[in-house]
Amino acid sequence: MKPVVDCPEDPFNPLATAIIQISCMLVIAHVFHLIFKPLGQPGPVSQILAGLVLSPTLLSRINKVREFFIQDTSAFYYRIFDFISRVLFMFLFGLETDVPYLRLNLRLAGTLALGGIVMSIAFGLSISFLFMSLLDIKINKVAFMIVVSILLANSASPVVIRLIDELKFDTSEVGRLAKSASLINEISCVMVMSMYLVFTSTWMPANALWSILITVATVILNRYMARWFAMWNKKSKYVSNAHVLVILVFVVSVSLLIEGLGYSSIFISFLLGMLFPREGKTARTLFKKLTYSIHNFILPIYFGFMGFQFDAKDLNTLRHLAFVVLLVSLSFVSKLAGTMVACHHLKIPRIKGVILSFILNLKGNFEYLIIHVDVKDKTWWNSKVHNLLLVVVVINTLLSGTIVAFILKRKERYFAHKDTAVEQLSTECEFRVLACAYEPRHASGQIVLTAALCGSLAPYLMHLVELPKKRRKNNLMYNQLEDGGSFSDEEEYGGNDVLEINDAVDAFTAMSKIRIHQIKVVNSFANMYEDVCNAAEDLRVSMIIVPFHKHQRIDKQMENGKEGYRTTNQKILRHAPCSVGVFMHRNQTGFQQPIGYEKVQPVATLFFGGLDDREALAYSTRFASNTSIKLTVIRFRPSEPSSKQPPKTSPNIDDVLMSLSISKTEYEKDIVFIEDFRLRHVASGLVGYIEKYVNSGEETVEAIREVTDMDFSLLIVGKGGRGRSPLTTGLSDWEECPELGTVGDLLASADFNLKSSLLVIQQHRHHSDTEIVNS
């Protein structure tokens, strides 16, 4: 007998084919991104086009290329990659979900999602009969109607989130609302499809019960696992790679089990991420490990395969072309109509409604799960229907992404961040603040200020690390590195400071349940301010808080830190795109963290007048509702009234303006602002109010000494912006720190012997404001 030789059907290893295809896709996507990014087009558009280049429409039309890239045996690897990728990025999106924002804006996001879903399903059901006629559908008509309706209604949250992040639109109100609405939209479509399966299958109700039990058990187990792993790594910055692998294998295994029961794993993987404990090093490690790999590799490949499945040969007849054109047009019209109706009900401006409509029309996640079933399955019809629906998804996403980028580029000024000062915000609005820290002691001080703020809050803590002039060399072998990981110089910058800051943030989050978003910047002091200002603009914060370059020693005296601290602070004050506060924290004699502190701490705001003092008072308003703080506003005014006979009329405004050397507009703004503050907070008894009358710099100094003798734990004052006032005449003759302003420099001077902490605030200057100050 002749020996039997196994001859493989395919000349190439299918795994090698998949790897080469992915590599080609990433390279082409990078080239396209370099071309389209200057035109305002985001990464997903370039990645879909890269897949389109390799698809049967273009390069794979060549026989040799098609034989290499399109193999039956490689489909298994694609399915495995597709499943794991979907589970991991939905888990990451759950981790990244701003749960407090979603909770506060659930009605807005839910209404937007519901409007698009209801209108799309209504349009889909009404026109499905025409589609069935075009495609000659004669079996499983109800299933076809459901698939078409969900394809129109669904909004692919991974595509939406990635597109918004690429356009740096993720911190805007519209971007965050679109993210939340897309998540609600997609989860709702998953639930609708799951309910359909429950009612149409005899075995699905039992599986549904098992799915619910598994979901509840895994969510509970997930929380204990996160805390358990964190306890194992108390002396390290992150949990080990082995623990991360255990968590990810656990998430993938549970998702695979849910898939085996006949349901989509989108919901369970997202839920595990959203309910994962945010405090502690376990969540921080998962963010670090997953964010870079998913955003830079997994999602680009995922989007690339969307384009790779586009096949123009399926549009070879007029009926098929008409089906694609009608379905794409219907997707745009139904989503636009439903979202605009919801926006009209919610009183959202029309331009925002239009861009929300196009963002929520992005496809490419749950639709694929419905379309990518076995075409031989009885639920499906034929490969032609399968391919045409894929073509609709690709065209829809490409057009929607391009339109969104075009609108944002044209309306860039409209969607730009405008709340660059606290005075512009109402107390009900979310307060976004970026706190900077050079050392752990600075981070502790910034956490103290964060703990005192009330209302809706989005705090960010940026660790500023000096880039050494000489690059350090690593003498450790691979097996000596922590957790067996690869060595990264940038990761090592900051040393043990990173661990101390992480522990302080974790302790605060555990007590307050407020999540502080952490950022680390490594740069030279000469250029560090650019990173801070760029981050403030991208994060759309209303205030940057920087630490004073001096710190309190154990003997309660103030000591200078690095000179780079001061120069960086001065550059931030000059170039910041928002208001800036300089915080001098006296950790022993000054302000203490209100959470867990038994005594009520007295805090005072000194108000002389001017835009900086109004900003300081607006910031102080965020303390008013804190029961652990007693806020007092001390207003300094000129022209003391007679003690024997109080004046019956107010002083002449022109005389006051002449004495203060300020514009009439600024004076009127001060009067309106302080009176509104008194009506809102002083009249209710939440805030104390004192007026001090002074006519010269000497009297001002004496009045300030009286204030400091009251043992306030924190003093808040504006930097300047009040004109050349006689109230502060002569106070700047021996100025030591001009970045603190006249009064701030006086309070920070060693001769004054202040025991309180000090916060000096500078309001963001617009062109008109600068002209007023210099007038």
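Residue 1 is the first one shown; counting continues down the chain.
Each residue, glycine too, has its Cβ placed from N, Cα and C.
Caution: TrEMBL annotation is automatic and unverified by curators.
Marked as domain 'Cation/H+ exchanger transmembrane' by TrEMBL: 27-409.
Look at TrEMBL and you will find 458-592 tagged as domain 'Cation/H(+) antiporter central'.
TrEMBL lists 603-764 with the feature domain 'Cation/H(+) antiporter C-terminal'.
Long-range neighbours of the transmembrane segment (15-36) within the same chain, counting only residues 6 or more positions beyond its ends whose Cβ lies under 8 Å from a Cβ of the stretch, are 43, 45-47, 49-51, 53-54, 68-69, 71, 74, 77-78, 81, 297, 300-301, 304-305, 308. According to TrEMBL, the feature transmembrane segment maps to 15-36 (among others).
Among the features that TrEMBL reports, transmembrane segment is placed at 48-64 (among others).
For the transmembrane segment (76-95), the residues of the chain that approach it from at least six positions outside its boundaries are 14-15, 18, 157-158, 161, 183, 248, 251-252, 255-256, 259, 265-266, 269-276, 278, 283, 286-287, 290-291, 294, 298-299, 301-302, 305, 365, 368, 372, judged by C-beta separation under 8 angstroms. The feature transmembrane segment is assigned by TrEMBL to 76-95 (among others).
Under 8 Å from some Cβ of the transmembrane segment (107-131) lie the Cβ atoms of residues 137, 141, 144-145, 148-153, 155, 177, 180-185, 188-189, 323, 326-327, 330-331, 333-335, 337-339, 341-343, 345-346, 356-357, 360, all in the same chain and six or more residues away from its ends. Annotation source TrEMBL lists transmembrane segment at 107-131 (among others).
Annotated transmembrane segment per TrEMBL: 143-163 (among others), in sequence order.
Same-chain residues lying 6 or more positions outside the transmembrane segment (208-226) and placing a CB less than 8 Å from one of its CB atoms are 194, 198, 246-247, 250, 254, 257-258, 261, 263, 268, 271-272, 275-277, 280, 282-283. The transmembrane segment annotation in TrEMBL covers 208-226 (among others).
TrEMBL lists 238-255 (among others) with the feature transmembrane segment.
As annotated by TrEMBL, transmembrane segment applies to 290-308 (among others). Panel annotation: around the transmembrane segment (290-308), residues 21-22, 25-26, 29, 43-44, 47-55, 78, 81-82, 85-86, 88-89, 91-92, 95, 158-159, 162, 165, 364, 368, 393-394, 397 of the same chain, lying at least six beyond its termini, place a Cβ under 8 Å from a Cβ of the stretch.
Under the heading transmembrane segment, TrEMBL lists 320-342 (among others).
The transmembrane segment annotation in TrEMBL covers 354-373 (among others). Nonlocal intrachain contacts for the transmembrane segment (354-373), taken as residues 6+ away from its ends with a CB within less than 8 angstroms of a stretch CB, comprise 82, 86, 112-113, 116, 147, 150-151, 154-160, 163-164, 174, 177-178, 181-182, 185-186, 189-190, 193, 264, 266, 303, 306, 331-332, 335-336, 339-340, 343, 348, 379-380, 386, 389-390, 392-394, 396-397, 400-401, 403-404, 407-408, 411.
Sequence annotations record features per position, and here TrEMBL assigns transmembrane segment to 385-408 (among others).
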The DSSP breakdown of the domain 'Cation/H(+) antiporter central' (458-592) into helix, strand and coil residues is 52 helix, 33 strand, 50 coil
Cβ under 8 Å, sequence separation of at least 6 from the ends of the transmembrane segment (320-342): give me the contacting residues as numbers and ranges. 111-112, 114-120, 122-124, 127, 130-131, 134-135, 148, 151-153, 155, 314, 350, 353-354, 356-358, 360-361, 363, 384, 388, 391-392, 395-396, 399-400
